[in-house]
Amino acid sequence: MKRNVLLLPLLIFLLIAAALLWQLARNAQGDDPTNLESALTGKPVPAFRLESLETPGQYYQAEVLTQGKPVLLNVWATWCPTCRAEHQYLNQLSAQGIRVVGLNYKDDRAKAVAWLKELGNPYALSLSDSDGMLGLDLGVYGAPETFLIDGRGIIRYRHAGDLNARVWESELKPLWDRYSREAAQ
């Protein structure tokens, strides 16, 4: 009996190690744990009425995302360290003419406005989702997340995690180019 009790920690360790190795093998075969499928892919952006982050009292609806050209909807917050890491790249994309709309998620308005002044504002428009309701409707797990929305307001892609050059070039840019061409026709 004592021998079995002594082997229990070893058995638990081996089970944890096996689970870890199994997940690492899946990742090596291309199973990306950050690739979270969205139930909204292929569907219109949910209806919303949100206040401008920078202009209190000015409200926008989903139509602001359906202006005939694709747009990136970037979910961010000042409490999110990864959002800070991706922010410089968003500034670069914006400078290249990529239209990015910011969705400030469950955040303090004054802190968010100060953050944009300090780090630069890549957003053509900043929306305040202080209660997180649009985030909930979009199925947001946390910040940052980025949605590619085509010119008709259809969600075409969702990326959970920071948007960086690798993600842009391999995942989003091909789709951006495709939907930009479609919008130009």
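Just so you know, glycine gets a Cβ as well, placed from its N, Cα and C.
Annotation comment: Swiss-Prot describes 1-4 as topological domain 'Cytoplasmic'. According to Swiss-Prot, the feature transmembrane segment maps to 5-25. Taken from Swiss-Prot, the feature topological domain 'Periplasmic' applies to 26-185, supported by sequence analysis. The domain 'Thioredoxin' annotation in Swiss-Prot covers 39-177. As annotated by Swiss-Prot, disulfide bond applies to C80-C83.
Burial estimate for the disulfide-bonded residues (C80, C83): highest at C83, by number of other CB atoms within 10 Å. The DSSP breakdown of the domain 'Thioredoxin' (39-177), given as helix, strand and coil counts, is 49 helix, 37 strand, 53 coil. Summarised as a single figure, the pLDDT of the topological domain 'Cytoplasmic' (1-4) averages 67.
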